[in-house]
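Copied over from TrEMBL, here are the features:
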- 16-272: domain 'Protein kinase' (DOMAIN)
- Leu22, Gly23, Gln24, Gly25, Ala26, Tyr27, Gly28, Lys29, Val30, Lys46, Lys51, Glu103, Asp111: ATP binding site (BINDING)
- Asp150: active site, proton acceptor (ACT_SITE)
Amino acid sequence: MEALVRSKKKKTIADFIVLEELGQGAYGKVMLVQYKAAPAIKVLMKYVIKKRILVDTWIRDRKLGTVPLEIHVLVFLRQVPHPNIINLLDFFEDEENYYIEMEPHGVPGMDLFDYIEFKTDMTEDESCKIFYQVASAIAHLHDNGIVHRDIKDENVILDSNGSIKLIDFGSAVYVKNGPFDVFVGTIDYAAPEVLLGRPYNGKEQDVWAAGILLYTIVYKENPFYNVDEILSGELRVPYVLSDGCLDLIKAMLERSPARRITMDKVLQHPWFASMSS
């Protein structure tokens, strides 16, 4: 694996001025910052608190050393970039944190959670264009042996042109390290097999979460209100936007992981062709 081109001078967080806090979670926080030496350059900076990194999410690499899986995955993705996946610029560390420097999208852009609330008149065509980009990003990860494991509206950032980036690889893993028995994402997006405590491979979980996401984009609510509904509840359909859209949602929300559609097949679904024609 290629190492990043690193500056000779050791970079520290003191080299940056914080402009805005964009998000906070159990891992740490994300800031919009600018370089003190070059104020025109603004970047996203994710602070990852070292003592909160789970034991099984470290990886040893000959060139990078021992780093969190999140950093390893983002460095790998630099070799196989995708227009709808956040781009890593650099990373560095001090005693307390890892700092993950990323290219901003939309400066600062809006996450899909807020956009769904804000855009009360979203058309089917716009929903389709947004979701296709998300599906394309997930399929690219799967094709490269990576699963995201935390697909949700808050981890999709839009710019003013409707272009999206998939963000937050804090739960991402390599498929070859599976199957997995611990769920690390967001409960509303958890697939039935994961909630039942069964070992899971990751790709099927990403597909289920993508189905929840598409439903949320279309209907502005979650399809299931609790764990029992996820496991056995009937899918609520407030109205039919189109037969193609509903068919795709149902294919992704298939409770049997063996019968659930794959991300490559999602991209080939007739709904996308019907919208672009």
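Easy rule for this one: first residue shown is 1, then count along the chain.
Quick reminder: no glycine exception, Cβ is built from N, Cα and C everywhere.
Because TrEMBL annotations are produced automatically, they should be read as predictions rather than curated entries.
All features noted in TrEMBL, drawn onto the structure.
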residue: Gln24; record: ATP binding site; contacts (Cβ under 8 Å, 6+ apart): Val30
residue: Ala26; record: ATP binding site; contacts (Cβ under 8 Å, 6+ apart): Arg52
residue: Gly28; record: ATP binding site; contacts (Cβ under 8 Å, 6+ apart): Lys46, Tyr47, Val48, Ile49, Arg52, Asn97
residue: Lys51; record: ATP binding site; contacts (Cβ under 8 Å, 6+ apart): Glu96
residue: Asp111; record: ATP binding site; contacts (Cβ under 8 Å, 6+ apart): Asp153, Glu154, Asn155, Val156, Ile157, Leu158
residue: Asp150; record: active site, proton acceptor; contacts (Cβ under 8 Å, 6+ apart): Asp168, Gly170, Ser171, Ala172, Val184, Gly185, Thr186, Tyr189, Ala209
Would you mind checking how many other C-beta atoms are within 10 angstroms of the C-beta on Val30 (ATP binding site)? 22
Reduce the DSSP letter at Ala26 (ATP binding site) to three states and note it down. coil
Site extent for ATP, whole Å (max Cα pair distance, Leu22, Gly23, Gln24, Gly25, Ala26, Tyr27, Gly28, Lys29, Val30, Lys46, Lys51, Glu103, Asp111): 28
Where Lys51 (ATP binding site) sits in the secondary structure, as DSSP reduces it to three classes: helix
For Asp150 (active site, proton acceptor), what is the secondary structure state per DSSP, taken as helix, strand or coil? coil
Would you count the other CB atoms within 10 A of the CB of Leu22 (ATP binding site), including those on all shown protein chains? 17
